[in-house]
Each structure stands twice: as C-alpha cells, then as structure tokens.
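*Asks:* One structure, as structure tokens, below. Some questions next.
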Amino acid sequence: MNFKSIYILLLSIWLASPLVFAQKNTSVKLLTTKTEFTVGSHIVLKFKNANNNTPLLYCSNSYGTTLVTGTINNLNLEYTLPENIAKKIGVINWKILDKNYPTSGKLYIKPKAEVATMETYIGPPSIEAGGTDYSMLVVIPTDSLDNPVPTNTPVKVKNQFLNSEEVDNIFTKNLIAFKNIYSKKQDGRILVSSEALGTNSKEFTINAMPAVPTRFKISYSSPHNYADGNQITNFTTSVIKDRFNNVVSDGTYVDFFIKNAEGNVLKTSGLTLNGVANSKIIHPDHADNWSVKAYINGMAESNTITLNYKQVVKDFNVAFTNKNRIISVGPIQSFMNQMIPDGLHVKLHIYSNNQLVKILTKTTFNGYVYFNLKPAIYKNNNYNFKIETAGITKQFNKKLW
Amino acid sequence: MKPEKSNKFLIAALLLGLAFHGSSIFFTLETTYDALIHLFFADHYANSWFEPWNYEWYTGFTVQSYPPLVHQSIGVLSYIGGVKFGMFTVALIAITLFITGTYRFSLMMTANKTVAGYACVLAVFSSSFVETLHIFGQLPSIVGVSVLMHALPEIYLWLKTGKKWYLATCLSLISVTVTSHHVTPIFGMVFFIFPLIGMVLMDVSKEQVGTMKAVTFKVFLNSFFKLFKRIVVFGMLSLVLIVGCIFPYWLNSKANPITQVPIPHGSRDNFLEITSSGLVFFLIPWGILLVLLPYIFYRYYSKRYLFFGLSVTICTILGTGGTTPVPLKMLGETAFNILTLDRFTLWASILSIPMMGEFAYRFVEGDMKDAIQKKFGGVYHRIIGGILAGLFVFMVIFTMSLNYFRPSQPQKIKMLPIVNFLNQDDHDKWRFLTLGFGDQMAWLSAQTNAMTVDGNYHSARRLPELTTRPIERLENSKFKGVAGIGSLQQFLTTPEKYNLKYIFSNDKFYDPILYFCGWQRLRQLENGIMVWERLNIPPVSEILPKEDVAKWLKIHWGIMPFLTVIVAFILNIQMLWVIMLKTRFKPIPEFLKFPVQYNKFNRNVIRITHVWSLILTIIIFYGIYLFYIKNDSQRSPENAIIAYYDALDFKEFEKAHSLINPASNLPIAQYMLEISVTDGLLSSYAKMDAIESEITKHNDSTVSAKVTTQWITPLEKIEKIDYKSLSKIKGKWYLQPDDLNNDLPPDQLYSDNVTKYYNQGRRRITTEQTHHEDILKQPVLEVISAKLVKYNGSYAIIGEVQNIDNVPADVILKGTLYNNDNKQLATYNAKYHIKHKLMPKESSCFRINFEGIAWSKTQDSIPDTFNPDEFTPVEFEEQPTKFNLQAAGNVAGSDLYKGVVLSDVNITENYIFGNLFNSGIQEITIPQLLISYYDDNKNMVWVDHFFVKEGVRQERKQNFEYQILEPGAVKIINTSMENIFVNGLPNSDISNKIIPNRITNHINNELQPINHPDFSYIKIEINTYIGSPF
C-alpha cells in the first residue's frame, strides 16, 4: 500500500504540474494592440502583469539590438522603446526576457512621408552624344530622421540641355529612385537636378561629348612649292565632325601620313581645335612627290592629296684643295639663284676600295660646305667620294696625300 | 692630506675641445655621412620608445638592428629642445667623454700626469677624432670608444688588485660601451683589453722580480696563472654583458642575418689606386702620427707594452684595406666585406695617443729635447718643433675643411615645403622616394610620418630588389653606376607594388627615366625640389605587416641602455663622491706605480725618425708631382682631351673654352652660345664613365685623336666616338673646335595653338575624402591588339592601345603571364615601350617586358658594365601560354607635346636614316622612337625603341640613325584578346559600345616596307621628353 500510494501521489503531482505552469503563462499579456507606428513616434509597449517583477525587454532592428528595462505603472508593465530604435524604419522584433514569459512579437515602423535631405549620385560624369550613352541619376530622399521615404514617393527629375528643359516623374522603390538620362544627338552640357516633396537637390552636370569622328577633308598651304628644305608646309583638315554633326572635342589626334616618291612613309600629326587639326612639315630638300592622307586611327580618314615640290638646286661645284683633304662644296643656290638657306644637308660618302668607309653629313653655311678629311682617320690612299645634296649626286676619285 | 691638484692640461684640453668642436659641430655635423641617420633613429625613439618596429624606411624595419643608447639619449633630450638639440648635446657629451677618456687611458699607460695631459690636449685635435666627428658623424662609435677608454683603468685595477669594486666599475662601463656601439666592445676586447691584460701581467711580473729586464716568459706565465681567475671572471662577465645588454640586437641579427650583396666601401679600396679613399681612410686618420710611427712602434714594442705593440700593428695592417692582400686573408671574405676597415685605423690612432703625448712631452720638455739640442743645436730643435706643430695644425684645418672643398652631401635642402606637401591632402598615405638628397633624406624622414621605400641604414634592408645589389640607397643610385639606375628603374616601373606615388627630385639627372617610366611632374616646391607623381597608385593599406618581437624584448630594449648609464654613473661618479667624503683618503691607483724614467733618449730612434721623415717627404713630394703631371691639362694631348671632356662633363665651359685653340678665333661668347643651345640626352643628362683616346701623331705640334667616351645616362649607356685634332702652341696642347650645325629655321617668330588641360583636383576645399562629384571619369582606352610573343628567348606582350575618350589619358599597362594551368608566372608593367600620355583618339604601340629582380640568382653574375637599357628577363620554370592585360587610364594634363614630325626617311639594308623636325614651340630634349615591326601579313610582331641622343630645337631638324633589328624570328604564342581589361571592364565590351564600327587595321596601308628576312614592314611612332615644359 505504501509504495502504491506514494506512486499515485507522485504521478498526480507530475500530471498536475503543467496545469499550474500553464496558468502562470497566461498571466502576462500584451495590452498594446498597435503594431504599426510612424517613425519617430513615442512607442510604449504595455503588458498586463500578474507578478510584480520587471523582466528585461529584448528588442532588435536592422541597426542593432538593445535591452529595455520595464517600469510598473498601474499594475501594468511598460516598456518605452529608446529613440535610436524608434527612429529607424523597419521591423522591430521584441521579446520578454524571462524563462517564464516567453512572450515575443513584432512592430513595424513606417516611414514618414516627408523629405528633409536628398542624397543624389550621378555617373559617369561624361557620356557620348548620340542618344545611346547614358548617365544614371540616383536619388535617395530621406526624412528628418535620415530614413528613406515610403515606396512610390514621387521624385521629379529635371534636366536642362540647350533650349530644352524637361521634368520627369519617377517613384522611389527599394528606398531609391533612379533614372537613366540619355544623351541627345548634340554634344554639350546637361544640367540635372531633382525634387521630392518640395525638397530640391543641388545641380549636377553631365558632359555629353562628341561621338566618333567621321570622314573629313584635308588641304595644304605653303609659301612656295620649291623643295628648299627650309620652308614649312601646313596641312589643315576640314572641321571634323561626328555623325550627329557635332564638332569633335578639342585635342583630337590626327595622323598625317605622307608617302614620298621613293615610297617611304613620313609622318606628321595635328590636334584639333574647333574641329580643325593643323600640322606642319618642313619642305623636302630635293624634288619630291608627296601623297598625303590623314587618319584618326580606326575611326575616320581623309581624302588623299598630292603635293609636288620642285627642285631648287640645279647644280653645285666641288673643289679639292690642301692635298685633296679639304673638299669645298658650293655655291649651292636656290630657285632665284639666292644662296640656299643655311642648314641644307650635304652628305659625303667615302669609299675606299669600293667599301663604304664613312658617311659625313654637314650643313651648308652661306651656301657652302667644307669637309676636312683628317689624316688621322683617312690615311693616304685613293678614295672614291660621293657627294649628295638636294637629291643630286656627284662622284669623284681622288688621292689623299 | 694635501688635496689633489687638478691637471691643468686636462682642464685646458676640455675647454679647448668643447670650444673648438662645440662651436664647429653646428657647421659640420649635419653634413656628415651618419649624423642624420642617428637623428632619424632618435626621432623614432622619441615617438615610440618601446616599439622597435619602424614603418618609415624600406617596407618596415626594426631599430633593434643598431645599439640604442646614443639614439635614445638624443630622443630623451629632444623632449627639451627637439632632435637637433639632442644631437648637439650628445655630441658635446661625446667630446667631453673622449677627452677625459684619452686622459685616463694615457695616464694608465704612462703613469705620468703631465704626459697624460699632453696626450689629451693633442687628442682634442687628432685628425682621426676630427674626421670621425666632423666628416663621418659617427657619434655612437665615439661614445663607445671613449667609454671603453674610461673602462680600461678600471679593468687594470681589477686585474691588478682584485678588488671587487673595480670589477663592478669596469663592467658597468663595458655595458655602457655595448649599448652605444656593438662593434667597439667586441673588437675592443681584442685590440684594447687583451693587450691591457698583457700589460697587467707584465707589471705583476715586474713586481715579483724587481726589474722589467728580469721578466722572463716563465715569470710571465706564472703571473698569468696567478691572475687567471680574475681574467676569467672579467672575461666571462663582460661576455655576458656584451650579449645581455643588447640581447634583442643579437636575437634580431640571428633572425634577420645580413644576407645581402656587399656594398662597396672606400676603406676596402686599394689606397694607391684610389687615392681619394687613401686620403680619407688612411692619410687623414693617421695624420701627424705617420711621422711618429717609428717612435710609436719603438715604444710599443718595449717589453711592458709588447701586447699593445701587436695590437697597433694588427690594426695598422687591417686599416690598409685593399692596398695589401693581408686584411682580406686575416678577416676572411665575409668579415672583410661587411666591416668598414677605417675603424681599425681609428683604433690604431687612438691606441697611439698616449705615445703621441709621451713624444710631445719628451720633445717639448723632456730628454728628447736635450738629446736633439745637444746634437743639432737649439735652433734645429725649434725648427723641427715648428714643422711638427705646423703639420699638426695643417691636418686639423685640412680635415675640418674637407667637406668645404669636396662636399660629400648636396646643398642643404629646406625640408619644410616637403614636409608641408606630405601633410597636405593626405599625401602621406602613399610612400615617397627622394632622389639626390644624400643623407639628408634621413632628416626628412625624421620630420614626417610619411613612408619611403628607400632608407639610409642598409643593414636593415629587406626587399630583395634592394638587398641583391651593391647600392646603399636608391636615392643616390646614379653614383652607384648603372647597377644603381638598374635597381631604381624597377621601382619606377612597378611603383604600385610599393604604393610609391611621390618622388622628390633634387637632381635633374633622373628626370628622363622618370618620364619614360610613366611619371609626371606635379610642381616645383619653394625649395626648388621637383615633385613627380605617378597616377593609378593605391594608397598604403591601413594595417601593415610587421615582425613583432616579445614584449620583454621591447621592455629590455627600452630600459636597459639607460639602466647601464645610471648604474655606471652611480658606481663611477656618485660613489666616488661618497667614498671621498667619508674617508677623505684616496689611494694612489696601482697603475701610477709603474712610471717610466725619461732621462736618456735613444739616439737610434731619433735617427730612424729622421730617415722615416725623409722617406715620407719624398713620397709626399712624388705624389704631388704625379698629381701635377696628371692634372696639368695641356702637358700632353691625352691630358688636354681628358681635361676638355671633364670640363664638359662638369659643365665648366669656361675651362673647356680655354682648351680650344686660341688661333681658331672662337670667342667665349660664341662658344658658350654654341654649347648652351645643345640639349639632349647626351649633353644634359649624361655622366661620363670612361674616356679613352687613341692618339695619332703627325708631327711635333699636330696630332689627331680618336676619343671613345662611355657615358651613363639615366636611360641607357652610350658609347660615343669623336675625332679631334690637337695642336701644340708654345708648349701647350689645344683642341680644334668642332663644326656647328647651321640649320636655320625659316621663322623668327611664329605661333601655335594648342589645347591645354587643367584638372582642378578638389573643387571644394575640404578634408573629406574623394568627394564623388570631383572625381573625373577614367578615360576609356581600347586595346586594339595584344599578343604574347617570344623573341630572342624572352617573352613579351606586344600590341597597340588607343585612347578612345575625349580627354587626354595617362596609360598604365600591366601584363601578367600564365601557364596552361592558369598558374600566374610573372607580372610587370610597360616601361619605355609605350607613349604613356595619349591625346584623344591617339594610339601607341606597346611592349611589356617581364623583368625579374635583377641578379637575384647569384651575386657574382652582376655584370661589371651594366647597361640600364638591358634587363634581367624573369626566368620561367614553366612555359607561359596565356596572358592577362590590365589597362588603366587616368586623365592627364601634362606632357602632351605632339609637335614632332618625321620629316625624312631613308631605308638601307640595316639602317633607317631619318630626320625629326620640331614643328611646335617647345624644345624637345629627348625624342624617342617606337618602332613596331610587322610580318608580311601586316601583323604586328615586335616593338622596339630608340632614344635619339640629341634634342631637337624649335623649327629645326635632327637626323637619327636607327639600326634595324638583327634577323631572328618572333614566335607568336597567344593572340587571344579574351583577358584584356580596361579600367577593370572587359575590353571587348568597351570597344563594342563606343566604336562598334571600328575600321580594323586602319593604318596598315601606311606601313613602311623594309627589306628584312623576318620582318616586312615597320611603323615609327615618336614620343618626346620635354626637359623644361611651359
């Protein structure tokens, strides 16, 4: 009997215990029914409390987690949510921290429909004209507590380009509003700003730059068409434009390739200013035929023009003196029989036994060039000399002694 | 008891020494080699006493690599009046310590206060001390050796008397020596303390047998055994102190052993060959002592000093450096290449100081005076005295003024503008590099928190790029020949690896290499320093790696040095006071019991000294004669040529003109005009390396010469052959002037319209980081073609890049090679083979070489004559088969001169002759040709470059001669354009978006055909460096 009665007693206590605890559980109850608050409002969570203790309230939002101490007011347990939690939009998860009261819930903080500040980003700051390239404007209007505004808040995007001023309405979604601003056919400066609920952003700039250049023409000018090796020929392009008739940006690099009569390729280059590239080249020092074509690598090219340079030096004298070691070349005269301007290259090829020994290059001074063959270098012997200037070649065989 | 009289000589020496050195250090110390380095270390301690890791130099190093006492002392004093105040104060203390040290050392050696007085007065002006302080600025070394000299009498007393008090005092001083300089106590043991032990043993033996003569080896051995215990106790304890006091130093030496290529030092030279080293490291430190050598050896080889004699002899021999093979054999290869041998000469001269004092005493008022006067008469004695005194004074003046005549440092640079620049706008978030600052770079580092990749304490270098070559600093790389330039250019080409963004250049020499490696001039600071910057460099990361050491080591390092000083102070000075006050009785030190009687001077010594002086005089006069012959510029045609080229090298045009034949009627005004208009790599940026002339004589007064000169320029090594004629007029040789280029420009005045750019940087003055509105878009580039090729055994990425944006771009290309398994093999940037600055729509061919860390394999493969243009190709263990190319564009606003024209071309079998014409309004300093080679299908296969040696003036022509590459097929390995990125975006996306209709191979019609077995066409592009843009 003893064992049995003890057994029954224990069993009945065990069975009854959940009932007791279950009853305790229901003794705390949330009194606040509101689960949605406007951001920044004073939020108090009230609980009906049978016990007189004040457990901590655990609450957490996307910015972090905190514990709130409760106060007892008129037998109700009250928790005032701190400002740093209450002024951020989003979900707040709360929970009473007591093993006996596993009560928990959620609050929703709604954004205010007001705009205090606007974060605005735009990029890239320069795009290509022509209507395909674009820059993206991103607007993030925020309220006075730095929360994003409600979804579908209207944002006005205003832009000015040349004579047109446009306003577009866009709406915030996922906290931001954005718009792709496409370039127009013309190049120029697009000024952009935005407005949301009466608050305006500052001014932003997008530079629409000219697109890829198209075919152009070139021309030349020079003081005369003599090959005097001194004057300068200018090449000029027509105004280089893109396919939308925009003048290409200043500084665009244009290569001028020149093929001369021998098939060798010379080169000059110019940078555009207001679409026109200028380049210069010195006249050749002998009669030559040039065909010139300009390129913008991979994008555009010009027509081909031809230039004819007339020979100026008809002939020149060569004299050997001082044991044939001083060779004087000249007078070298230009087209009006004036002395050729200083600096014309005269080349002396020296051959010994048909082997090239040395090429000496000198420049004329007052129409003459003197070569002095030093005995240290050119031993006494027979030499062949080839003198070459302005495209004319003369050959001699002399003995140095 | 009679109070002890102060030694007048000692007081005079102290007053003289402090007045003389104390006032002159303010003019000398800052221009010495080492002082500013110590200043930098001191600044480190002042800022972080217990943290040994320093981020500022190299890529971080530990200050536990140098004993800290002197640095910490300066650091402590800097709290009162700044680091310079600290340095000068410590220098004054060092001077005091040195003078008193020599006095005590001499007193111990000679046991005669007057002699010791003479010695310390002479020591004040001894040329080795003057040089160490005023030329080298080796403060720790001076403090170390001075304290060691203070320790010597205490060691003597401990060994002689066995009183434990003396053991304590001598050990306390040894520990101060250790914490101030590590090498001094180690070698001091050998050269100072061992002979001292020998002397003590001699004295003990003498006491036993009565006279020095009676001391035999047996007696000596007996004394040795008698004192053995004291010697061992002293030896073991000082060993413990040497290791213990700077334990972190030894630990660090073991962890980071000095495994680097030896850096050449003048003290290892053959002094007969390199006379300047002989002067600085032999003649000056010895000075007047050279005359006294016979006396010094005579005295030191007397029985009592026998061991000092050996020590002086060894030091003297070791101090001769590479002149004789003995030092190398004695020290062994490793030690010979690490130690600077001048310190042996310093020690030899310091060891000689007591004998110098003794000589002076005996000469002025002792037995030598009597002997000389008796034999040669009083006048002769005075004349000799006058000569010796004159020589002595001359050596002091000469040593002090050495820096005046041969400045070892560039002019003093005002650091404030640089410090301000680094503090401004977060410039210290990047590393910087100085060029041409000399040791003043240490002073700059001490004043700023910004970090540099360079440094001034070469034992602490860590980057393999630095340790594998024999240069102490990148900063003065031009003086280290081409090996220096070679290592500098690796840093300049891949600066992003080191976060190196700013370069402060005090030397125009480096400008071309900076430009052609893709750097741009930012601005000139008020102090004339040019700031160069490189775009697209990431800042130094916030957290940097460091090699940390245990906390107790840090505490040990921070506390121990001053602890040793405090203990030494208490034991040696404070306690002396206490003892004196208590007892009022001071025993005569033991060493004073062994005086030398100066009554009969050895005549043979006088004789030998005379002969020796005669020999010295003959040597000196012969040396002067040789110097005269070599430097008399017009004595022989060779001399005239060398003098002429030297004068041109050093821009002494007046001197060069004086060597031009006066009969040629070339006025100096005309000559200067002709020289001053020549610009270019060779005339403005070259340093002559070697000159050789081959003379052909025609008659007595006419010769012609073939002059072969080797020039080092920042870009490449140039060999130039000139033919000169010389004539002899009135016994002097003159050069004939050369012909001029007569090129006459057509226009007197002309105009040019160009587009110029200015980048505002930050439009608003704000410290906010990178305000996004102020950031310019990176210019869009397009890599038109790129391929991996192999030519002559080395791999390269070649191709063509174009700026397809509307603004000028600075282009940085970085190539990476991979093998078939996508394993990264090498990465490098484009160096010379690209136009780094591109105008809108301009294109440039490029080549990326893959350079390894030069000579990293074996130190002996360093070529003697290194060409800066050559490089060490990286050694691939596996075959590169793929590549990745990253192009980065940044808006450029400078160096956009495009006025150069290829105005004539002639092609021969092996050469391209051509003319460059400058059509713009700026003078082109260095034109560079970029020559791309094409195969018969007009596919680009190789890119070469060529620097034209002469500049091109406005509206003038300059001819060039380019040698076409030798035959050799190029193997094209990979032409895939898949892994090419521009500003981080795929190249193909960009090109499809911006130029969908690109005309491919647009310029192929304009290629220049050539006759070559492997190449069919070339294209020439021209890049220009403008020395002074406006």
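Positions of Cβ are set from backbone N, Cα and C atoms, glycine also.
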*Asks:* Can you identify, from B:305-324, B:525-544, B:665-684, B:885-904, the stretch that TrEMBL calls transmembrane segment?
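*Replies:* Comparing B:305-324, B:525-544, B:665-684, B:885-904 with TrEMBL, transmembrane segment matches B:305-324.
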*Asks:* Which stretch from B:115-136, B:189-206, B:271-298, B:344-364, B:555-579 shares the most C-beta pairs under 8 Å with the transmembrane segment (B:608-628)?
*Replies:* B:271-298
*Asks:* Report, as numbers and ranges, which residues of the same chain sit near the transmembrane segment (B:227-251): CB under 8 Å and 6 or more residues beyond its ends.
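*Replies:* Here the qualifying positions are 52, 64-68, 155, 158-159, 162, 167, 170-171, 174-175, 178-179, 182, 185-186, 189, 193, 197, 200-201, 204, 549, 553-554, 556-557, 560-561, 564.
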*Asks:* Have the transmembrane segment (B:189-206) and the transmembrane segment (B:555-579) got at least three CB pairs under 8 Å, pairs 6 or more apart in sequence?
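*Replies:* Contact between the transmembrane segment (B:189-206) and the transmembrane segment (B:555-579): absent.
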*Asks:* Taking residues 6+ outside the transmembrane segment (B:305-324), which of them lie with a CB under 8 Å of any CB in it?
*Replies:* 109, 190-192, 194-199, 202, 267-272, 277-278, 281-282, 285, 296-297, 299, 330-331, 341-342, 344-345, 347-348, 351-352
*Asks:* When each of B:115-136, B:384-405, B:555-579 is checked against the transmembrane segment (B:85-103) for Cβ pairs under 8 Å, which one has the most?
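*Replies:* Looking only at B:115-136, B:384-405, B:555-579, the most contacts with the transmembrane segment (B:85-103) come from B:115-136.
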*Asks:* Could you give the residue numbers and ranges of same-chain residues that sit at least 6 residues beyond the transmembrane segment (B:271-298) on either side and whose C-beta is under 8 angstroms from one of its C-beta atoms?
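*Replies:* For the transmembrane segment (B:271-298), the far contacts come to 126-128, 131-132, 135, 309, 312-313, 319-323, 341-342, 345-346, 348-349, 352, 355-356, 359, 388, 391-392, 395, 398-399, 402, 406, 602, 605, 608-609, 612-613, 616, 623.
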*Asks:* For the transmembrane segment (B:555-579), give me same-chain residues lying six or more residues beyond its boundaries with a C-beta closer than 8 angstroms to one of its C-beta atoms, as numbers and ranges.
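*Replies:* For the transmembrane segment (B:555-579), the nonlocal Cβ contacts are 49-50, 52, 64, 67-69, 72, 76, 147, 150, 154, 168-169, 172-173, 175-176, 178-180, 245-248, 586.
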*Asks:* Do any residues of this chain, six or more beyond the ends of the transmembrane segment (B:384-405), have a C-beta under 8 angstroms from a C-beta of it, and if so which?
*Replies:* 24, 28, 31-32, 122, 125, 127, 130-131, 134-135, 280, 284, 287-288, 291, 363-364, 372
*Asks:* How about long-range neighbours of the transmembrane segment (B:115-136): same chain, 6 or more residues beyond its ends, C-beta under 8 Å?
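*Replies:* That would be 7-10, 12-13, 16-17, 20-21, 24-25, 28-29, 32-34, 91, 94-95, 98-100, 102-104, 106-107, 142, 280, 284-289, 345-346, 349-350, 353-354, 356-358, 360-361, 364, 392-393, 395-396, 398-400, 402-403, 408.
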